[in-house]
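Visitor: This is the structure, below, for whatever I ask next.
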Amino acid sequence: MYLETRRAIFVFWIFLQVQGTKDISINIYHSETKDIDNPPRNETTESTEKMYKMSTMRRIFDLAKHRTKRSAFFPTGVKVCPQESMKQILDSLQAYYRLRVCQEAVWEAYRIFLDRIPDTGEYQDWVSICQQETFCLFDIGKNFSNSQEHLDLLQQRIKQRSFPDRKDEISAEKTLGEPGETIVISTDVANVSLGPFPLTPDDTLLNEILDNTLNDTKMPTTERETEFAVLEEQRVELSVSLVNQKFKAELADSQSPYYQELAGKSQLQMQKIFKKLPGFKKIHVLGFRPKKEKDGSSSTEMQLTAIFKRHSAEAKSPASDLLSFDSNKIESEEVYHGTMEEDKQPEIYLTATDLKRLISKALEEEQSLDVGTIQFTDEIAGSLPAFGPDTQSELPTSFAVITEDATLSPELPPVEPQLETVDGAEHGLPDTSWSPPAMASTSLSEAPPFFMASSIFSLTDQGTTDTMATDQTMLVPGLTIPTSDYSAISQLALGISHPPASSDDSRSSAGGEDMVRHLDEMDLSDTPAPSEVPELSEYVSVPDHFLEDTTPVSALQYITTSSMTIAPKGRELVVFFSLRVANMAFSNDLFNKSSLEYRALEQQFTQLLVPYLRSNLTGFKQLEILNFRNGSVIVNSKMKFAKSVPYNLTKAVHGVLEDFRSAAAQQLHLEIDSYSLNIEPADQADPCKFLACGEFAQCVKNERTEEAECRCKPGYDSQGSLDGLEPGLCGPGTKECEVLQGKGAPCRLPDHSENQAYKTSVKKFQNQQNNKVISKRNSELLTVEYEEFNHQDWEGN
């Protein structure tokens, strides 16, 4: 059936073709004979009859031949119609070219001269003016450069740089005086400090302004020398940990070949990196010391001192004062002895914050160095003496001997100005004369609180080699002493003697161990050790008026450095911390420590935290959950450590808790707020803040344990927590508290039976304790008698 249908269609198509051929032949015949046989008046009638004889398919083919062609698009986006002539096409292309050029010219003029994005209206106006050829392209640039907005902006940026006695200030009246007058600006504008990042020689600044004047205006050499004669040097000290470099004993000796080799290699590598920074002069390797990473591996920490140039009247950070020129090139020309040096970079003077940010970025981006952590110490930003040529590759001080990065206690801020570092090579000092200065033993408060590696120098006259300091002592960093306890440990603080610089380095490196041993041998506290026998009466008898706002204060401070934390003799290191679990709902049962919910949550946090703390913190001993508070769930806790730990306690605990927070969020779905982490060592913390005693309780110091505890005010007592007490529910003689739904733990008056039961339980506990003591004493007596009997029996035999 399908084949028959196709065959029928094919036959019909052939028939149409044959019929059309016949019609064409008839038309040709009639066209040849119409002028002879027929008069003109019958022409219209015959043509109409012939049109009707033509087939429908033929008319379709004829219409297809005369169909209009599609319009062609050029790659530029210009539409060219087939009906247009060549002249019209060229005019369209030129109009499109003029539009695009004007759009780009106006946009770049706003960006370069006015440093802003134009409004739609003013942008269209300038594009229309450009298309009408009212101004040529360069006239538009001159218009923008001579505008008052551009001149005000340029004056503002130039005045933000501090150049003493500038002679090239531009006045608006002079600039706008004559329409055809060329703007003249000194070439020193090219030397304006542009920003915190180093500028490459390919950059250009204000091309249109400086291009015509750089070759004509030259600043005299004497002027430049006077302008930049007073230069100061800025010193930045930092410590860099080398992850893949294990510490060796030879690095403790600055004269060993291995030390010299590693110091020279490190100095060359650092010079290549620091040369990219603006104003860099030189760098010194101060020394090396061992460092223990978080994963337990050992590495080497290197201390460096980098020296940069800076202007005497250092301005604020220039990062916010810049024009954003994007891809616009900035030319940098230097006028030196009357000649132009285009390949020289302009000098840029940065603040200490800018330098630290640039140094960190440069070291982190350097792939050839395996840099772990970068830590900046206090930099000495004062004016330094004008040194001669740099003859030493590194300072002769052994970094392993000196403890740096000392953590200061808030009670004793540094009030003395820091000492400047004096290069021993410039004063003719030998390597063995590098020693700390002698300290006057008058008062601890009058002495500088600590010394760092960069602030130690020899007390010598210039040109001499013998040192004056023979009895040298060094203060313990971070030691803060109240006035009442000064007499007890004044000898300790001034008795740690620094060995002479000419002695063996092994004796110097053992200074930290001697300090710890000396502290262990000497009891810094006059308070007796806690008794081993438990007592029922835990609270000190304090008058009522003394209970108001009583905050226990630690008698002695911890000795804290970057490498160790030491507690006073007879005590343990204690750290308070709190954290907030955001995705956990608070319940009123968490007010009461005897409730099942409190115990379950306490056990949960203990099981989570204790293994994590024990595996990550050396010397960890005990974790105590103090309480839970409302605010989602706030967990207040206390940790106890050994008497000394080999790290900075506060920083280490903070780092471990941050890691725990991340692990808990990923594995346990506990959302611990990072901003809620509050870590305070016991020597600086207010323990009452973490205890959160409540409205009807008072934070006092326990005489037996010497720790802060919550004590009820007169008429109140508690089995658990007193937070959320309501006034009026308790009175004198109150002994117990109960938890009410939605009200926390308000006190209530106990009845006689309850009070009797309470007294009975107390007596029962006392009897149990007495029985234990009696049974222990009896067992000891029996043991002694048995030994005496055996001895007599042996002698008798």
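Every residue, even glycine, has its Cβ placed from backbone N, Cα and C.
Since the structure is predicted, the reported quantities are computational estimates derived from the model, not experimental observations.
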Visitor: Out of 54-62, 279-287, 594-602, 621-629, let me know the one Swiss-Prot marks motif 'Heparin- and hyaluronan-binding'.
Guide: 621-629
Visitor: Can you tell me how many other Cβ atoms are located within 10 Å of the Cβ belonging to Asn648 (N-linked glycosylation site)?
Guide: 21
Visitor: For each of Asn592, Asn616, count the other CB atoms within 10 A of its CB; which of these glycosylation sites has the top count?
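Guide: Its Cβ has the most other Cβ atoms within 10 Å: Asn592.
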Visitor: Find the average pLDDT over the domain 'SEA 1' (232-354) in the predicted model and report it.
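Guide: Within the domain 'SEA 1' (232-354), the model's average pLDDT equals 68.
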Visitor: Going by Cα-Cα distance, pick out whichever of the glycosylation sites Asn143, Asn592, Asn648 is nearest to Asn616 (N-linked glycosylation site).
Guide: Asn648
Visitor: Between Asn630 (N-linked glycosylation site) and Asn592 (N-linked glycosylation site), find the distance joining the two CA atoms and give it rounded to the nearest Å.
Guide: 13
Visitor: If you measure Asn592 (N-linked glycosylation site) to Asn648 (N-linked glycosylation site) at Cα, how many Å is it?
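Guide: Here the two Cα atoms lie 35 Å apart.
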Visitor: Please classify the secondary structure at Asn592 (N-linked glycosylation site) using three-state DSSP.
Guide: coil
